[in-house]
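Annotated domain 'Chromo' per Swiss-Prot: 43-101, in sequence order, evidence recorded as sequence analysis. Summarising the annotation, Swiss-Prot assigns domain 'Pre-SET' to 185-243. Per Swiss-Prot, the feature Zn(2+) 1 binding site maps to 187, 189, 192, 197, 198; the stated evidence is similarity to another entry. The Zn(2+) 2 binding site annotation in Swiss-Prot covers 187, 198, 225, 229 and is backed by similarity to another entry. As annotated by Swiss-Prot, Zn(2+) 3 binding site applies to 192, 225, 231, 235, with the evidence given as similarity to another entry. Residues or ranges marked as domain 'SET' by Swiss-Prot on the basis of sequence analysis: 246-369. Residues or ranges marked as S-adenosyl-L-methionine binding site in Swiss-Prot: 257, 258, 259, 300, 326, 327. The Zn(2+) 4 binding site annotation in Swiss-Prot covers 329, 394, 396, 401. For 390-406, the entry in Swiss-Prot reads domain 'Post-SET'.
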């Protein structure tokens, strides 16, 4: 459906920015969305494409927001009111020259009269990449349900958002798999920390201390209070279910490991950091997919083998921020099996807790060969029998590196 003005149509569901651009194109004043007679003819720079000095005057080739590239124009610096974009343009030039000549300090701005076509092409690609990554970042934050903010950063290459990845917050069940088990009973404690309610009913230890940090050793399961419990959201036995509390950054690594994840906040030892989620598939389907992933050298299959080995989590296409966490032979995250509403021992949730204090800006990693039991195994991530035929080199750089991911 659309509201029509002659032959001009406006989608009913459109962002304010889109409507503003349409109004400017059609020369329509609409004060409700901030388009007035004074600013109707204002143009916004989307990015800078090229540079030259013409008769002693610096000029930039400008891509205008909301207008096709055929409408790009050369503008003198005095016409541009975009100091951030100008700074970014020069930063991209500097990085480009530093990459070409690592031993040089970069370039002198005044020594450039015009840009080589290959350089201007790089500048445009970098600008488009930055826009694409910003939109992806916004999409991730719209979809995530936890309190921490997600950021995206690539200062290494021109790689953009993954083309075939869909952000989810919980397990996605494949046909024939039920991950939505409902708890039959819950506790009625007034103080779950003192009562040790749900873990005691399951015959296991209470997992957390008074600061909601893990206190049980790897290999012990976590039983949290569930939807049937009468305790509120501030219950000390509700940790994993509340989602990642930290702001994290998906960033491009500079040593050939693709994307990685770093924390933007300090994380104390034994704190919950994130869940490993994805599509839950049968072990038979994991065997088939494993052969496909094998040829591509990727590792996203995580066997749910707490007590049985019937299901696997595949985070290749569907997942959360954990999809981008890299392997390390000396990791700072540890895997734990968690049960909340679904008490089926074949379908534990996979939680990652910090093994030590982690500094802000530090990359987050876990050992792809580490089971929820804390033991090394060939039955954990990406290690179906099909995967054992090809060994994937490890690039973690740890002093204790084993040389291979599998």
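Heads up, the Cβ atoms here are built off N, Cα and C, so glycines get one too.
For the domain 'SET' (246-369), residue counts in helix, strand and coil come to 18 helix, 49 strand, 57 coil, using DSSP. Each of 253, 260, 299, 324, 325 belongs to the same chain as 257, 258, 259, 300, 326, 327, is absent from that list, and has a C-beta within 8 angstroms of the C-beta centroid marking the S-adenosyl-L-methionine site. Touching of the domain 'SET' (246-369) and the domain 'Post-SET' (390-406) is concluded from the presence of at least three CB pairs under 8 A, sequence neighbours closer than 6 excluded. Mean pLDDT across the domain 'SET' (246-369) comes to 93 in this model.
The Zn(2+) 1 site, placed at the center of the C-beta atoms of 187, 189, 192, 197, 198, has further neighbours from the same chain whose C-beta lies within 8 angstroms: 186, 188, 195, 196, 200, 201, 225, 229, 231, 235, 237. Distance from the CA of residue 189 (Zn(2+) 1 binding site) to the CA of residue 394 (Zn(2+) 4 binding site) is 48 Å. Sorting the domain 'Post-SET' (390-406) by DSSP state (H, G, I as helix; E, B as strand; all else coil) yields 0 helix, 2 strand, 15 coil.
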